[in-house]
Each structure stands twice: as structure tokens, then as C-alpha cells.
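Trainee: Structure provided below as C-alpha cells; questions to follow.
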Amino acid sequence: MDYNVKDFGALGDGVSDDTAAIQAAIDAAHAAGGGTVYLPAGEYRVSGGEEPSDGCLTIKSNVHIVGAGMGETVIKMVDGWTQNVTGMVRSAYGEETSNFGMSDLTLDGNRDNLSAKVDGWFNGYIPGQDGADRDVTLERVEIREMSGYGFDPHEQTINLTIRDSVAHDNSLDGFVADYQVGGVFENNVSYNNDRHGFNIVTSTNDFVLSNNVAYGNGGAGLVVQRGSYDLPHPYDILIDGGAYYDNALEGVQLKMAHDVTLQNAEIYGNGLYGVRVYGAQDVQILDNQIHDNSQNGAYAEVLLQSYDDTAGVSGNFYVTTGTWLEGNVISGSANSTYGIQERADGTDYSSLYANSIDGVQTGAVRLYGANSTVSSQSGSGQQATLEGSAGNDALSGTEAHETLLGQAGDDRLNGDAGNDILDGGAGRDNLTGGAGADTFRFSARTDSYRTDSASFNDLITDFDADEDSIDLSALGFTGLGDGYNGTLLLKTNAEGTRTYLKSYEADAQGRRFEIALDGNFTGLFNDNNLLFDAAPATGTEGSDNLLGTDAGETLLGYGGNDTLNGGAGDDILVGGAGRDSLTGGAGADVFRFDALSDSQRNYTTGDNQADRILDFDPTLDRIDVSALGFTGLGNGRNGTLAVVLNSAGDRTDLKSYDTDANGYSFELSLAGNYQGQLSAEQFVFATSQGGQMTIIEGTDGNDTLQGTEANERLLGLDGRDNLNGGAGDDILDGGAGRDTLTGGTGADTFLFSTRTDSYRTDSASFNDLITDFDPTQDRIDLSGLGFSGFGNGYDGTLLLQVNAAGTRTYLKSFEADANGQRFEIALDGDFSGQLDSGNVIFEPAVFNAKDFGALGDGASDDRPAIQAAIDAAYAAGGGTVYLPAGEYRVSPTGEPGDGCLMLKDGVYLAGDGIGETVIKLIDGSDQKITGMVRSAYGEETSNFGMSDLTLDGNRDNTSGKVDGWFNGYIPGQDGADRNVTIERVEIREMSGYGFDPHEQTINLTIRDSVAHDNGLDGFVADYLVDSVFENNVAYNNDRHGFNIVTSTYDFVMTNNVAYGNGGAGLTIQRGSEDLAQPTDILIDGGAYYDNALEGVLFKMTNNVTLQNAEIYGNGSSGVRLYGTEDVQILDNQIHDNSQNGTYPEVLLQAFDDSQVTGELYETLNTRIEGNLIDASDNANYAVRERDDGSDYTTLVDNDISGGQVASVQLSGAHSSLSGGTVEVPQGTDGNDVLVGSDANDQLYGGAGDDRLDGGAGDDLLDGGAGRDDLTGGTGADTFVFAARTDSYRTDAGVFNDLILDFDASEDRIDLSALGFSGFGDGYNGTLLVQLSSAGTRTYLKSYEEDLEGRRFEVALDGDHTGDLSAANVVFADDGSAAVASSDPAATQLEVVGSSGTQTDQLA
């Protein structure tokens, strides 16, 4: 029941104190057994009670407070309040409150107008007492301007949820979780709070934080910690997703906590560490993006350290142990010291696997723990591996989860605490698991055995049947039994103190498997602790990497985008939810799907969660879809799966076209071409339960097959068979031989696969007999036999004939094969006038447009006649409409969306060739036409197309925008056109687009076609999926040659050519609306030349590859990347562009989309490799990356030359150049980032504040004027200063250069041009060597000023006071001045800085 507070006297006028009225409504709801207290929009002022714990409003069991929305309904503290308030809204102190909460409103603490500590929300039971608040829900709540905490669920609460809520501008933490059990924070935002964004403290456990965001807070973004009292630490905490950025301290701090997982989050821009693990145990940090932290000083991106609480409340020293870091991408800021740093304070047992680390200043990883490890490979699931030798070893574990491998010898293994795996290997081993759930693994029968005369069995000393397990899955035993036939006998000794698992089957050496366990385990073994089959390798709800072994096993990925590899053995792979990558490996593997959502796709939203099988072997492997209800292969409808080969021919998709309520349908991809190789043998389909179909198969003999009430497929094969489908909608295929076919009840299909399945000769009959054909629901499928329809039995037709008695109907061909066999089937009964294309399926026919009245004389309007032929083909179930050579004039039919000619399912237009068959718009047409030839608006059309003809828009003699070809389903609706093929078609003289497949089309192919002299683009691909443009030409179109836009993905362009177009040759772009970007595009081969703008323009798109193309002679840039991500430009020839102005050959820049999305799209992660790039005389650069946020560009092994300003300019802090050749450019005066290669490079920064990085090789770095950062990289590098004003300071400011990695043993600083004579006191032409007070930076300083007050100074990172000498600093009088002008011929690469002025002249 709802209780409106205004009915209780609340005013919500922002002035009156409404506390009493709202509380009265709460009390009334509680008295009635519960209800909703509703606060309409308004500002409700409230005041506190006598004690802080009285709060303002006390909520009670079964009561929920609901407003009209955040910012609409506001509960605000009265002005001038002076007493602390522990929760403006709170549960009652000392009472257990349950099933209560708050939603859709704002709490405002009004902290600027009061003088007390006020918290927003508070609930929880008395600390240390037996009791708890339960089932608390807060949704869509904003808490702001508190002088205390925002959300403060405090002490002993079970099952609290806070979601979709916001805390900001509060004096302490935004969100607190204090002693919360089984709760969740989901999709919340915490910003601009004076302390932490989220603070998880004091015994909180079994708690989940999912997709929360914290930024701009005065403390950390997220803290999980014990707190200031000696209480149990937080544990079993999962932090999944979300972002923690721009906070003053850490992004995430885990302090005195254990068993915490942080995964799938982005953590960046924080003042100190990105992640700090501080006296915590068993922390997992998985698959996060951690970057650009350490904004307020020099810190590691991830720090692992112990916490000294010996002088604190516990008196303990908390060592950080068992930290697991895997799959993280870590990139440092300019201040970041290490990617991952372990302090030398006892921190140990850190395990680092497959992390990507770059951009840090000191080193990627620094580990001090004796047992800490780092690997580039993925982890195995255990936190460490202890391995013995071939001798007698004693291995002892720790509190971590470890794998102990004894190898050969009589070993003693002790796992200690943790969930350990113990594998003694060969020899007689003594195995002690210790505390935790341990697994005793046996990898070979000879690891533990006895003979008739001696025992060599292993002894397990402390097996716990409740939590330990014995893994025998590699040994081939089937279970417990009598010790024979692959079983094991369980036997105890006479005293009952020892248990044996024994096999009595000996090998050739008389060895029979046996293990011993201390204790009596009779009746205690079960499937959970005695594993005969391999235990499943299980993932998590995150993105996991599971790798099998040589044994047969089951891999369960669960949620996330998992990678499963079965290895050898006959494995079962179950990816679970998410987009998974599945590799069976060697053996006969089964890929199993347990839910439709395990592998699904939504063509409306573009969400692709389809799994990929990478190594399917149709001779061994199988795909199990039995749990999904699929009954067989088919057309993708009604419980079948369609087999669809993609346009490139390198991927086979299994697709259902039946969507769920959210628009998702099942889809699965197999790498490779499996057309013709897939049948029911490769699948496990649904059983016959619940109306689903199964297969009943005969032999080569005379079979009787009987169906059931289910939908079944009966295959008679050879022989004289009798098939009866029974009930259900069945498919009956008798195969060869004279068969009798009875469908039974239901809508049955009688399928004939070859003409010899049912035939007669001149002397005998071998025809099949259908005994119970029902023309109203049954069908005869002859689609594969080549018959076009009913007729006289000749010319590919069948004669319908009834016997004289009227008791039998025949379908007969009189055309015999070489053996005199002519097709014939018989039906019991007289079906005269009852058989047609609705119940007999023929092969699509050819419909000549001239038979319908078309003239093709270039004058008559042939539209009605051609449309009649199309309609006839459609009515016949599909066919080809043939237009002989001629010019067919057509007119519009009505609305723009009606076009001229409307194609339908299964219908293809075909002519006699380009220029021979011409469909041309009539003179004088003044109507807009969205497709002269098109599919129907609002209908899903499939299996249609056009070939061997020309469409002519006649634009000189018409008005109105006219497009050539158009197809596609309604944008944003659930549906799509499918399987569209256009071949050898010319489209010309349109006032609009040429080819315009527009919105939601799956599997379209346009090949060997031409578009020219059209008013807009030649070819458009708008929301195309799994489609291809191949061997097409677009020229002289007024806009772009090819335009790929709006959500198009999984798209291939092969060997297309675009020239002479008024825009770009090829554009791939999002378009003008805020829609999904095109993605997963491959452009392979072809040429793009002599276009007015770019040769190729990529704009607001991602995951595009451009390779093996030639791009030249275009008006602006050859290739322009404009707000893109993850683009590859590989092995192209790009030359002689920039014909209409001054542009780079290849330009990378950000796109300002403030007018549509409000976003700035930076160009990121571009790879340019193996290209020949030769700038024209007009080009200012061969390759230029704008200084606009574009970054992470990688140039590898290119041949680059030319450029008026420079050959290469890279402005991104993480961009790099290596390999190949780059012509020597001219220097300029901007703020540059110059990166050398592995060769011996010369880097000249010019003026500006530059960043120079020599990379590998013996490099020369000259920053020039400006305050420069100089990194030599590996090799013997020389830092050259050509003028005293290149690096200096004044009394007012510092403009010195900084050398970041000076190595006194091989690098040199060349000051020979400056006139200094050596080291000294900084006067009389000497330089003083001075160390900073922190001991972290060394300066070379002169105290002698020039006329402008500038005195030379250079800074070096680190303490070099003891290693600078004449051997590594070159002064004017030491005879080594020649170093500054080393022979350029010996230098393989020179990179010169660039101007900050944009000279590209691009719109």
C-alpha cells in the first residue's frame, strides 16, 4: 500500500520542517504490516532528534521510501542544525530491521549551512551483539553535501544492495560498507567526496562491487581495509568492472584484507598508486587496465607492501603474501617508477602472469620476495609450483595454494595450509596435505604400486574425506569394485588403521596399482573426493584462459569472454556465457552448449557474443546442441540451424534465425570452410522429447522405420523400405529402392534427393508410394531434382496423371536417363486440381520478362511487365526473371520507398550483360526514388539479387533524387534482408547513390560491378554484416567511390578500384548520427587514386585493416585516420598524394564530435607496417600524427621518404618507430615526441619542449631549444648540447633538459660546443656537479649568466655524483669535440622535430 506523505501533512515547500509528517507516514506503513511511503516532487526539510542515533527519519521493517526521482524529490537538512546526526534516514538503533529501503530521491546534508556532523543513510545492528539488519535495497538515490558520510550501512547487515546511485561532495566517504555480509554495490558513482569514494571495512565479507565508478575524491577511489580497530579483516570481496580515476591518493587500496579479487576495472590518473596492496593476503588482480597514475609524485602503478601494525591496535606485522596478478595491461605515466613493485619488507609469494607493462620510468617489475615469480605465460590456477628432483626430496608448502611435484625418488611432500595439489611422481612417497582442500594426484599407475613380493605404494597421511580429493582421472579406472575389469578394491587392514585402494590387474612387470591412506575410510569415498573422471577445469564469471592436458577432461568457462583449449585427449568444452574462443586440440572433442545465450548474436544492436571454434575436425569432433532444442540442419527456422559460409570463404557460421524477445538468436562460428562437410553425424541434436526432431535411420537392406509422436526425420537409405512417421511433423526420405511412405498425422514432407530414388522404366516400376498425402498440410520436396513445375512431362516438367479407377495419382517425367530410368512417384488417391507450388516444391524457374509484355525498345514503360514477371517468380516459390538484351524504360510506382521494381524472396533479375540489358528511368521523372530496383520496405527479404545488366538513372533528363539499387530492413527493428547477390552490374547516371544496400543486411555480395557518374557515392555499405565487395570499380561519382558506414561489421573488400571521384576513393565512417561505428573491416588489395579528397578515409571506426593496396594521386592525404582505434595499415604503396594542397601522405588525427556525441575521438593503436610511403612534392609529411591526443601509433619496417617538413612526426607519448628506412627530414620548432629505432639514430628536437627516445642502438640526441626530456635507451648514446640556451635556468624559472637514463659506463654528454673547460665550482667556465636534497637528481650547473639572466644547467635522473668524469662528459679542451659531428653516413636514421603549427589544410 502507498502512503503519500502529503496526506500526513508534509508540504515539501523547501521551508517547512516536514520531519514529523514523513515519520507519521512511515509509522503508519509499518503499523499496517508494511508499504511504500511516497514523497512527490519537492524539497522536504528535516531535522534531527535528541540523540545522534535518532537520525531525522527512522525507517522500519517492510517500509520503503520512494520519491519522484533524483533531484525531483529532495530531503534536506534544515539550516543551522548544530547536533550530530548519524543518518538523516536510518534504521532504529538496537532493533533488527528487515526488508526496507529507499529509491528515487536525493538526500541533501546542507553542510554549508550547519555546524554538526551529518551522515546521509545509516543502518545496522548493535556491534558485537547477536542480530542484524536484513534485505536492504537502495536504488537510484543521490546523497550530497553531507558533513559526514554519504551512504553508511554500518555494522551487521545481511543482504544489502545499493545500485544506480550517486554520492558526491560529502565530507567523508561517499559509500561505506561496514560489517556487510552477502551484499552488493552495483553501478554506483562516487565523486568529489573529501575522503574515499568507496570504503569497505570491518569484517565485511561475501561482498560484491560491480561496475562502480569513483573519481575526483580526496582520498582513494576504493579502499578495502580493516579499519582502525582490531577486528576481523574484510574477506571474500569481488570487485568486478568499473573505473577508479583522478582520485588524490590511490585508485584502489587493499589494506589488511584477504581473499579479494579485483578484475576487469580501469584505474588511471590517480595521485599515488593505481593499486596498492598493503598488508593483505591472497589478493587476485586480474585483467585490469591500470595506467597513467602517479600524478602527484614518483610511485609504482601497482605496489605490494606489508603493513607494520606493531605499534598499532593489533601489535602485528601484516605481510602481503599470495598476490596473483594476471592479464593486466599496465602503462605508466611520466612519473611512474615501476609497473609492479614489491617492497623488500617480507612481501612474498607474488605470482605475475601474462601482464603487459610499458611506459614506466625505472623498470617493468621489481620483486624482492624469494618465492615471487613472473612469467609472460598464463597462470595454472595455483599460486606457486614446488618441484623436486630425481632424488629423495622433502618439499614443504606454505599458506598459499601450491602444486608440489615430487618427481622420481622416495619423496616427502607437505602442503601446509592452502588448497594444494600433491603429485609424488615415481617412487614410494609420503604425502601430507595439511590444512585446506588438497588434491592428491596420480599421473601414472606406476607412481604407486605393489608386486607379489614388495610394496612401493604412496601413503597419504592426513586425508580429509570432507574436503580433500584423490585424482585418478589419468589412470583409466572406472570406479570402485573388486579390483578387476578396471575397478579398484577398497580394503582396510585388520586393525582398521589403514585403507588401501587396490587393483589386482598387473602390468607386464607384475606391477599393480595401489595407494595407502592412514585411517579407515570405509563408506566415506564418493564422486567428490575420489575422482575417476577428470575434474572439470572451471573458469569464473570473468574472462578466463583454460588449458587442458593430454588427458580427456571437461573445461567449463562460465561467464566472460573465455579462451578454452582442450589440449590432447577427448575433451568436452563448454564456453558458457560470453564470446568464447574454443580449441579442442588433438582427440575427438565435443563442443557443448547448455543455453541459447552461450553463443548468441543480435543483428539489431550489433552485439556479437557468438563463440568461435578454431579447429573443428568433422571426422572426429562433434557439436552438442541437444540442450537447446535444435533438431537438425536446415534453413535456420523452426528449430534448425543454417550452415552459412561467409563472403571471404574462411568462416562457417551455424545460425538460427529465430530470435528471442530481446532480439538475440543462436549463432556459432567455425574457422574454415565446412560447406558440404557437415551433417547430423557432426552434431548431437535434441532428442524426440517435447516435439523436437530426431533422426531414425535405416540400412542398405529392406527396413521398416516407425516414428513416434515427435517430429522426426526418417531415412530409409537403400532397399525396399516401409517408413511411417507416426504423429508429428516428419520428414520422410526413402532413399533408393521402391519405398512405401506414410506420413501419419501432422504436416509431413516427402523428400526426394535424386531422380533415381523413385522411377520407372519401359518394363517395370520402381516408384515410391505415398499412402496418405494431405494436400492441405503435407509437401513433396523435389527442389533438388531440376524440375521446373507441372507440364507434359517433357522439358523439365512433370505430368500429373490419375489412373482410370481414380485411386492413384502419378507425377511422371517422360525424359529417361542413359539407363532408361524416368522419374515417377505415386500417391494413393485422386489429387487432380489439388497439387500446386504450395505443396510440391520445384526448382526455381526462369521467367522471361518479354513473356509478360516487356518490349525493351527504349521507349515503352516496361515497369508493369517486369514487375509482373517478378511477382510470378515469387508466387512460384522463386526463380530468375530474365531480361534479354534491350533498353527497358521504367517509371516510379508511387512513394520513394516503392522504387520502380520490387524484388522479393527467391527472385533474381538477370540480363544479357552490362550495356546489353539496360534498365533506364523514363525521361521527365520528377519523383524521389529510393532504389530503381529494391527490396520491399518493412519486409525481411532473402535469397535475391541481380546480375548481368545496367541500371541507368538518366539524371540529365529527370529531377528528384534517384538511387540505383536499394535494399535493407527498417532501421532499429528486429529483422534483416539476407543472402543478397549482385554480380556484373553497372549503375550509372543516378542523381543519388549507385549501389545503396542500406540498413540491416546479412550476407550481401557485390562483385565484378561498376558504379560511375552518379550524384552521390558509387557504392554504399550501410549496416551490412558478413558481407563482401569484390572486384568492383567506382569512378567519376560526385562524392565518394565507396562509403562504408553505420554499424557495418564483419565486412570484406577485395581488389576494388576507385578513381576520379569527387570525394574520397574509400570512406569508412560512423556517419552523422550517434550510431555504432563500423568495425571488423578488411580492405585487401585494389587501388584508390586520382580522387579529389583522400584516397582512403577512416573516420570514427575501429578494427579496420587496409593491406596490399596502391593509393596515389589523390587531392589530399593518401590515407587519413580521423578518430579511429585499432587500425592496421599493412604492405601498401602510398605515394604522390597531396595533389591539391599541403597534406601528409598518411595523417592520424583526433575527431571532435562535440556536435553529436560530445566526445573527442582520439586516433589510438594504429599499426603501420611494411608500407612504401613516398611523399609528393606538395606533401608536408610522409606520416604525421597530430598532437591532439592521438597516440599508441606503431611504425614498423616501412620504407618512408619525402615530406617538406619531415618524413615522420609522431606526437603521442607512447608512439614509436622502428625498422625500415626513413629519409632524413628537415628540423622545426614544435613540441615533439621523437622515437628512434633499433638502429644508430640521430634525433634532433629543434625548438619546443620535446621528448626524445633513442630506443636501441648507439644514438645521438640533441633536444635543441626548449625544456626537453631525453632518453637514450639501450646502447652507447651521446647527449649533445649545441648552445648554452638549449638547457638553462633563471632566477624566475627552470628550463633545463632532463636526461632520464644516463649510463655512465657507456653514454656521454657532449658539451664541446659550449666552451666549458671541465668540472669545478660553476664559475670561470666550469660546471658544478650537485645532487638534489632528496638524492634523486644530479645537476651540471653554471652560475655564470648571459645578458638575459640565463645560466646553463642540465639535470640527470639519479645520483651520478660519483660517476661523472672526463670519460663521459666531453668538454671543449679534451680533444673530443668531433663527437658532436659524427659521420651521418654511419647513422641509419635521423628523426627531426616538427612545428606545432597545423599546416595540413584539412576541413
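Cβ coordinates come from backbone N, Cα and C, glycine included.
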Trainee: Pick from 408-428, 744-764, 996-1016: which stretch is listed in Swiss-Prot under region 'Disordered'?
Mentor: 408-428
Trainee: Quick test of your reading of Swiss-Prot: among 108-131, 372-395, 684-707, where does it put region 'Disordered'?
Mentor: 372-395
Trainee: Among 388-403, 734-750, 1001-1023, 1190-1212, which stretch has the highest count of C-beta pairs below 8 Å with the repeat 'Hemolysin-type calcium-binding 3' (424-440)?
Mentor: 388-403
Trainee: Roughly where does the repeat 'Hemolysin-type calcium-binding 10' (1244-1261) sit in mean pLDDT, to the nearest integer?
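Mentor: Mean model confidence (pLDDT) across the repeat 'Hemolysin-type calcium-binding 10' (1244-1261) is 83.
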Trainee: For a three-state summary based on DSSP, what are the helix, strand and coil counts in the repeat 'PbH1 14' (1163-1185)?
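Mentor: Split into helix, strand and coil, the repeat 'PbH1 14' (1163-1185) gives 0 helix, 12 strand, 11 coil.
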Trainee: On the DSSP side of things, how many residues of the repeat 'Hemolysin-type calcium-binding 10' (1244-1261) fall into helix, strand and coil, could you say?
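Mentor: For the repeat 'Hemolysin-type calcium-binding 10' (1244-1261), the helix, strand and coil counts are 0 helix, 6 strand, 12 coil.
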Trainee: Helix, strand, coil: count each for the residues of the repeat 'PbH1 1' (133-155), based on DSSP.
Mentor: 0 helix, 17 strand, 6 coil
